[in-house]
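Taken verbatim from TrEMBL:
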BINDING   C:Arg48, C:Arg54  NADP(+) binding site
BINDING   C:Arg125, C:Ser126, C:Ser127, C:Gly283, C:Lys298, C:Pro299, C:Pro300, C:Ser301, C:Ser302, C:Arg324  FMN binding site
There are 4 protein chains.
Amino acid sequence: MTGNCFGNLFKITTFGESHGRAIGVVIDGCPAGLELSEKDIQKELDRRRPGQNRIVSPRKEEDKAEVLSGVFKGKTTGTPIALLVFNRDADSSKYEKIKNVFRPGHADFTYFQKYGFRDYRGGGRSSARETVARVAAGAVAKKLLKKFGIEVLAYTVEIAGVKSKSFNRKVIEKNLVRAADLKAAKEMEEAIFSAREQNDSVGGIIEVKATGVPAGLGEPVFDRLDAVISYALMSLPAVKGVEIGAGFEAARMTGSQDNDLMLYSKKSKKFEFKSNNAGGILGGISSGGEIVARIAIKPPSSIKREQKALTVEGKEVKLKVEGRHDPCVVPRAVPIVEAMVALVLADFFLIQKTRKL
Amino acid sequence: MTGNCFGNLFKITTFGESHGRAIGVVIDGCPAGLELSEKDIQKELDRRRPGQNRIVSPRKEEDKAEVLSGVFKGKTTGTPIALLVFNRDADSSKYEKIKNVFRPGHADFTYFQKYGFRDYRGGGRSSARETVARVAAGAVAKKLLKKFGIEVLAYTVEIAGVKSKSFNRKVIEKNLVRAADLKAAKEMEEAIFSAREQNDSVGGIIEVKATGVPAGLGEPVFDRLDAVISYALMSLPAVKGVEIGAGFEAARMTGSQDNDLMLYSKKSKKFEFKSNNAGGILGGISSGGEIVARIAIKPPSSIKREQKALTVEGKEVKLKVEGRHDPCVVPRAVPIVEAMVALVLADFFLIQKTRKL
Amino acid sequence: MTGNCFGNLFKITTFGESHGRAIGVVIDGCPAGLELSEKDIQKELDRRRPGQNRIVSPRKEEDKAEVLSGVFKGKTTGTPIALLVFNRDADSSKYEKIKNVFRPGHADFTYFQKYGFRDYRGGGRSSARETVARVAAGAVAKKLLKKFGIEVLAYTVEIAGVKSKSFNRKVIEKNLVRAADLKAAKEMEEAIFSAREQNDSVGGIIEVKATGVPAGLGEPVFDRLDAVISYALMSLPAVKGVEIGAGFEAARMTGSQDNDLMLYSKKSKKFEFKSNNAGGILGGISSGGEIVARIAIKPPSSIKREQKALTVEGKEVKLKVEGRHDPCVVPRAVPIVEAMVALVLADFFLIQKTRKL
Amino acid sequence: MTGNCFGNLFKITTFGESHGRAIGVVIDGCPAGLELSEKDIQKELDRRRPGQNRIVSPRKEEDKAEVLSGVFKGKTTGTPIALLVFNRDADSSKYEKIKNVFRPGHADFTYFQKYGFRDYRGGGRSSARETVARVAAGAVAKKLLKKFGIEVLAYTVEIAGVKSKSFNRKVIEKNLVRAADLKAAKEMEEAIFSAREQNDSVGGIIEVKATGVPAGLGEPVFDRLDAVISYALMSLPAVKGVEIGAGFEAARMTGSQDNDLMLYSKKSKKFEFKSNNAGGILGGISSGGEIVARIAIKPPSSIKREQKALTVEGKEVKLKVEGRHDPCVVPRAVPIVEAMVALVLADFFLIQKTRKL
């Protein structure tokens with residue numbers, strides 16, 4: 001309830017501010033015996049890192065993960081795994097002069113109201129830089145899930161109104177926006193550059209799928225798999241909507257259209273579904289089908305265009321937000337989305353081990 | 001993590017199956033000294049009750065709430081408040097014959113996979129009847145919030161593609177679909193009747209607003225107010241999507257369009273917002289503005305139209321789902337949505353008392 | 001944190017006051033497929049029931065358990081098990097006249113301070129009657145543990161300074177004080193009757209053992225098995241001390257005396273311990289040996305002897321506590337102690353299923 | 001439930017092994033606005049540090065605390081406070097040769113059983129070195145409590161059977177064993193030196209008091225103040241017993257002896273108690289009196305005397321435990337005990353803010 005913990009049996013606690021000394025996470029509950037190296041974590045951090053290409057924030061962070069505990073001779077010991085990433089290129093100078101200004105669209109005002117006081121350097125704890133910790137923890141969750149054949153894949157399906165029209169998994173990591181459609185990806189990139197030129201920013205939509213998820217994950221009533229995935233994804237900065245399977249479209253279907261009928265394969269002795277409007281979840285519990293979710297990401301609030309803003313005293317000032325910001329956070333959010341879904345699934349996977357005799 | 005608890009300081013645990021003896025809830029953490037009567041709870045239960053009008057399930061349940069503990073001389077004592085509603089009109093006969101069939105769109109298959117065994121009478125625990133407990137608990141949360149000037153209001157904004165075009169708060173409880181636009185309401189009703197005639201069902205969209213919420217509620221990082229509202233609402237049966245403020249539309253805006261600028265009223269010494277794309281939440285924390293969320297509700301899976309379904313052994317059978325089902329659950333979901341948002345706000349309201357010196 | 005929940009994966013929430021309508025408990029997380037009947041629960045409730053013999057409170061309560069949910073066709077379904085016991089013989093008349101008096105040794109003063117208000121009828125929530133719910137839940141935990149060969153046994157070892165000198169398991173349920181030494185039992189009974197005659201009360205010590213506990217239960221650092229057992233037992237009314245294995249005596253041993261050396265049986269391929277100063281727990285984790293704990297129970301605070309007491313306004317009054325009280329709660333506490341230890345073990349047993357790959 | 005978290009609203013998560021890279025803790029939920037410096041933490045760490053005098057382990061650790069997050073301009077921000085202490089003088093060489101041996105009295109065997117694998121360097125996570133994190137977190141809790149007039153004080157009352165006979169607060173930090181009786185302290189020291197000479201070890205008893213605690217802290221039923229204090233203290237390595245107030249002696253008292261009568265001071269308008277058999281807690285809730293608890297600490301298991309031990313394969317070997325061990329951990333446990341009680345009180349203090357309207 002303290003807000004910086006997530007999960008139950010595979011439980012993480014994160015800490016750190018954008019311009020503080022470090023960002024970190026403690027993973028408590030990862031089973032013993034899982035092979036784990038700093039490389040496993042670094043691989044994922046590199047995908048969300050600023051400065052990785054010309055479309056993202058130029059802040060130069062190596063984002064090098066250090067494993068402080070919980071791993072011995074290349075394997076998890078069952079005790080807490082602490083992962084630490086030091087902040088190297090924080091530049092707080094730009095923030096000194098706006099320390100009394102509430103930047104539009106940011107959490108400056110609400111943190112101030114909540115705590116009566118705030119760390120104004122780069123947004124402090126409200127900065128998306130805290131997602132470094134989520135990605136690091138998610139890397140461990142992914143490793144665990146992979147052992148059991150579960151994989152999570154996210155990709156951009158829309159930016160600035162430009163939609164993907166095809167799906168080619170192989171191209172996702174080969175274009176700047178992480179779309180699965182190279183042609184649309186090109187247009188999306190251009191939309192981003194164009195927004196940046198106009199000192200503005202754009203948003204978009206990410207889709208995430210999980211495959212290999214066994215039937216039975218998720219709990220009834222409150223901790224439904226879809227509810228917890230929504231919670232996890234809506235907890236990401238800038239996310240304003242989430243949908244599962246057919247999502248908002250389901251509201252316009254009839255029952256006879258929406259119901260996914262089943263197939264039974266005598267060969268594999270497995271139940272399958274002919275369609276997937278449910279997004280792989282029925283009654284909050286995984287059905288064995290592909291889990292599908294989508295999230296809406298708003299355009300970044302930090303824009304160089306002049307905006308009117310208020311000071312702590314209520315005085316109106318003119319503000320151009322400086323600093324090294326992304327004109328669109330969708331591409332860098334892709335690995336973060338995967339991390340969150342992996343964390344949810346790892347937790348439910350462990351819980352399910354205790355649900356029947 | 002056991003799935004039937006919700007909340008931290010204002011914490012509820014629910015129990016009961018559709019055709020079991022009773023549905024109930026224990027509220028642990030409600031502050032002492034709140035005036036509370038069975039009437040407060042009954043009022044809300046009556047709004048979600050089946051059989052209340054010709055548009056909903058004809059199951060005849062009084063849904064009479066009994067307060068078993070936690071209230072003394074008309075006031076809460078600070079100890080757990082147990083609320084119980086006995087099931088009176090459960091008719092399990094219809095379910096005996098389909099006890100080995102997985103009804104399309106239902107949780108029959110997933111519960112069977114999860115537990116290796118299921119209570120097939122009326123969906124057992126996966127039935128929407130469990131929301132009786134949520135509404136009962138929500139009534140207590142609403143009473144608490146009201147003391148501090150916080151109110152939650154939900155209403156239907158779309159059914160079967162028919163959208164509300166105006167907003168009149170007064171008419172919401174005066175039409176069968178609980179829309180705020182009487183003209184649209186009429187069309188929605190017709191769409192529902194038409195679906196029922198065709199042995200089919202329809203879905204829709206509900207909007208919920210909370211007013212009077214002070215700035216500062218919600219926790220950073222994971223337990224953001226928007227994340228927990230999403231979790232709460234997605235945990236309701238049939239919900240497939242949730243959005244906050246501008247929601248999915250925000251993905252198509254630019255930052256300069258999306259950012260809500262602020263106003264300072266010298267008179268009231270209060271900060272306000274000129275627009276509300278954020279839905280009253282910044283960085284996961286309430287801004288003092290109106291909280292706004294919307295959810296997508298799928299059409300009910302139980303339809304009388306013949307569908308192909310599989311048995312536990314994988315055999316295909318033809319199925320017409322009998323029983324007393326709603327052709328559209330949107331109208332009855334309105335008080336349930338209010339209950340969930342009230343539960344979230346009550347919890348965060350208490351937590352916020354501990355956040356600054 | 002709300003105080004009325006216990007456990008993590010096998011989690012219980014209790015409710016109800018001494019003179020309210022009912023006492024109940026919701027068990028959330030019991031695995032599906034466990035055979036369970038009302039008889040399993042009744043058997044344990046009968047052991048703690050008032051009025052069962054001439055040594056205990058004459059309050060006439062059948063304490064009949066009703067299963068409201070979570071069991072279908074004689075088996076647990078994996079969903080919450082709600083157990084309810086209605087209060088039948090509450091007599092609040094004796095409490096009206098002392099509603100403004102803080103009874104010495106009772107929680108009257110502290111509840112008043114905590115909540116600003118209290119249910120004075122029979123102690124309300126602070127009454128030991130709430131342990132009905134613990135025993136009911138413990139019966140389910142015991143049933144689960146038994147399936148895996150784990151048993152919990154408690155018995156009285158001292159009352160009013162009279163100590164047991166021998167151990168005969170078979171006599172425990174055959175004497176009024178539940179001692180394992182019939183001769184000492186006789187003396188203990190007499191000490192109790194003598195105290196009652198003098199309008200006074202006496203305390204004692206209970207020992208509890210768990211056998212068949214596999215090595216590996218308990219978590220490192222905070223949720224050690226011994227720590228959680230202590231928490232569970234100290235949460236019982238009137239308990240003032242707890243010790244594990246050699247307990248306070250260990251403080252006077254040397255390391256060479258205290259260390260339990262190990263044996264390896266080639267035949268059974270099992271590790272064993274030559275002594276059990278550790279009480280079956282090393283580093284907070286079960287060693288496979290017998291778990292042993294002891295608790296000190298104070299004499300009941302309700303005595304008929306005249307005492308000076310204060311009113312809410314601070315006025316001194318003379319008080320003889322009337323009502324139907326036990327002159328010694330040790331015998332009735334025996335099944336409650338078993339219940340608490342069973343609840344702890346059931347929880348850790350489930351958790352351990354998730355601790356290694 | 002993952003075992004490395006403690007507390008609810010003032011919640012800590014610890015990590016790190018004895019011979020790993022670092023020991024650390026994340027405090028989540030400390031209210032914003034508390035003045036806090038690294039000095040506040042260092043002061044407490046210095047009290048538990050090895051190598052501080054000739055009676056304790058000579059391992060040379062500076063135990064320098066670094067604050068990684070949650071503090072800005074000398075004040076807590078309300079976001080997680082991460083504290084890190086790097087291990088500098090770990091010498092794992094001694095452990096390589098006994099990596100397959102289960103040291104008597106240690107958690108080697110149980111960790112191996114639990115996780116199927118263990119970090120054998122210096123006990124890994126089961127080492128008492130993890131209490132560095134508790135003391136660091138406790139320092140923050142102490143700072144918070146002090147602001148509200150609450151203080152926690154622990155001291156040694158018995159070592160190797162030698163008991164303190166007087167109480168002088170001022171001498172506690174001025175003798176090697178942290179007793180409040182200088183004469184007894186001298187004898188205790190000698191008992192420790194004598195044990196060390198004989199390659200053996202000794203145990204003892206610590207008493208802890210909390211003053212200035214307002215009435216009303218603690219929750220009914222499970223999270224009673226005494227239950228949670230017991231849990232906290234029994235979670236410390238080597239603790240085998242805990243008692244509150246009169247403790248085990250209460251089991252031998254009569255009700256008329258044990259009940260603490262009350263006084264009302266017209267002058268201060270305060271209720272007080274004439275005696276303190278209850279240890280400042282009634283019905284699990286603080287009464288406004290002094291909180292008193294005592295714990296039994298066993299002699300350290302690591303002794304240089306030759307003992308028989310088993311290997312992983314069940315082979316008997318002769319073992320002299322080398323390394324730099326304390327012949328008695330009681331003196332260094334004193335600040336750790338204070339830390340745990342402070343953590344409990346800080347948590348309940350925050351919770352109580354939400355308990356009445």
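Any Cβ shown, glycine's included, is placed from N, Cα and C.
What TrEMBL annotates, mapped onto the structure for a quick look.
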residue: C:Arg48; record: NADP(+) binding site; Cβ within 10 Å: 25
residue: C:Arg54; record: NADP(+) binding site; Cβ within 10 Å: 9
residue: C:Arg125; record: FMN binding site; Cβ within 10 Å: 29
residue: C:Ser127; record: FMN binding site; Cβ within 10 Å: 22
residue: C:Lys298; record: FMN binding site; Cβ within 10 Å: 31
residue: C:Pro300; record: FMN binding site; Cβ within 10 Å: 28
residue: C:Ser302; record: FMN binding site; Cβ within 10 Å: 22
Binding-site residues satisfying Cβ distance under 8 Å to any chain D Cβ, from C:Arg125, C:Ser127, C:Lys298, C:Pro300: C:Arg125, C:Lys298, C:Pro300
Chain B neighbours, filtered from binding-site residues C:Arg125, C:Ser127, C:Lys298, C:Ser302, Cβ-Cβ distance under 8 Å: C:Arg125
C:Arg54 (NADP(+) binding site) and C:Ser302 (FMN binding site), Cα-Cα, nearest whole angstrom: 18
By Cα-Cα distance, the member of binding-site residues C:Ser127, C:Lys298, C:Pro300 nearest C:Arg54 (NADP(+) binding site): C:Pro300
Rounded Cα separation (Å) that holds between C:Arg125 (FMN binding site) and C:Arg48 (NADP(+) binding site): 18
Where C:Arg125 (FMN binding site) falls in three-state DSSP terms: helix
DSSP-derived structure type at C:Arg48 (NADP(+) binding site), helix or strand or else coil: helix
Longest CA-CA distance among C:Arg125, C:Ser126, C:Ser127, C:Gly283, C:Lys298, C:Pro299, C:Pro300, C:Ser301, C:Ser302, C:Arg324, per record bound to FMN, angstrom: 44
Euclidean distance between Cα atoms of C:Arg48 (NADP(+) binding site) and C:Pro300 (FMN binding site), Å: 16
C:Ser127 (FMN binding site) and C:Arg48 (NADP(+) binding site), distance between Cα atoms, whole Å: 14
